[in-house]
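Annotation source TrEMBL lists domain 'PUM-HD' at 192-535. Positions annotated as repeat 'Pumilio' by TrEMBL: 216-251, 252-288, 328-363, 364-399, 400-435, 436-472, 473-509.
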Amino acid sequence: MPFDDERRFLELVYQRHYSNLLDSWLQARRSGAPVAYPTGFYLQQNWKDVLNGLNDLQLGSNDGLGQNSHHGGVYDGNPVTALYGASAAEAFPQQGGVDLNWNVGFLNSPRLPVMNGGAEAGMPANGCVPQSQPQIRNLRNVEAFGCEDSLIIQGKGLPSVGDNRREFQREHKKLPRLDDWLHVMRRSSVVNVDGVHSPRRPCSQLSPLKHDYLLDFEWYIYNIAKDQHGCRILQRKFDEGKPHEVDMIVNAIINHVGELMVNPFGNYLMQKLLEVCTEEQRMKILIVLTKDPAELIRISLNTHGTRAVQKLIETLKTPPQIALVISALQPGFLDLIKDLNGNHVVQRCLQSLAPEDNKFIFDAAAEHCVDIATHRHGCCVLQRCIGHATGEHQAKLVAEISANGLFLAQDAFGNYVVQYILDLKSPSATATLASQFKGHYVNLSTQKFSSNVVEKCLKVFGEEYRAQIIVELLSVSRFDQLLQDPYANYVIQSALGNSKGSLHAALVEAIHPHAAILRTSPYCKRIFSRTLLRK
């Protein structure tokens, strides 16, 4: 990922709670007013580096510091307390080997002023600790940028974070680990061991503390799911197969599955999720995707979304799931089958669903066979439809295509569908096509696309229909023109190769009078090969 993209990702994580804290903190320190250390879940360790860097510049080695404004008391080292208030400490204890107090000792650093311990240390009523005013030396070389999209300090004494990739990588490692999030969420009673909202306290009745924390977790998962590295981390969580963690992640992204499916990285996460999720979770995803009738079609037409939808179709198992997908795809069938990305979704249905479930495809393909057969992508999918159809569905498709055989044979894409029908060697389809082509073989032989169809007829037709073709070719007044035609000469070669007896002899006899003139023609050289004429 380019560095600018990585930096934007880091800044995105920062800006939710802390977009303007740095600017206000510096202004307060410059004015000499008592201020509190900015604290929070995401930035505890980063504030330590910022403040120590400022102390290196002697921006205020002895200035006064007050109690934390977030929770009305001295910061206790717990990031949950810092972000959500003192009452959160009980809800989010240090458990299971996960150290939530990852910046313990921060405020007692020898490089920072010492915080007094609240009332026992004689804290004034206003919560501020009186100390000497800061001694600030030379602020001209320092600029502070405190905006919604940036947490950068520049100055001669500090390196520029934006210009140093290694510095970013160090900062990126200080983001809360996914394991920490999952552990805290599980211990917080916001979710139970299965990852579902506690039945004792529905989500709508959660306290503001826990509700905000849940929203933060969802926001965190949703954003790292769209990041190249974060997406891989989440996929590894799915591979580990811990049901409660998978369920927590599913609940965090469930309202964004459509957006993730079309995301360059999120679509891989969705594919992995669809492989490991339970049937209940898959049903939740389907309900979200099919709530808007056009949503699944839109995703299927997307370069990234088509892969996720194909994976979804592969993993469908129950009739209700299949019914939801069919009802969503059916209105946009023509758009899908003629689209570069969408046609693969239709093909995946043909491969993964039972013939009776694909009835909507077979019926629509038969109804719109000419429109589909004459399209670049549609002609390929139509052949797949014929191949996967059985019984009356296949018979209906073949009959509709054969009825339009003469027109389709002359089309750049339709001719491939007609050749596919001929290869089936269906007696009824062969008879229908032969009756349509009768009297048109010479004209068809001189066209770029239909000449391929005539060659196919010479290979698959029986003796009766094959003889009909050769007789029409020999009846031309200027047979030498057919021999020199850039397309018809290939038809003559096929006629020589697929005929025998009197028909073959008649062809050879018609060719010999023109041998002296035509041997040098670029289109006639192969006609005069000994193999074809000797037969």
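We count from 1, first residue shown onward.
Using N, Cα and C of the backbone, Cβ positions are placed for all residues, glycine too.
Confidence annotation: the repeat 'Pumilio' (364-399) carries a mean pLDDT of 97 in the model. Helix first, then strand, then coil: DSSP counts for the repeat 'Pumilio' (436-472) stand at 28 helix, 0 strand, 9 coil. Taking H, G and I as helix, E and B as strand and the rest as coil, DSSP gives the repeat 'Pumilio' (216-251) the counts 31 helix, 0 strand, 5 coil.
The repeat 'Pumilio' (252-288): residue composition by secondary structure is 31 helix, 0 strand, 6 coil, according to DSSP.
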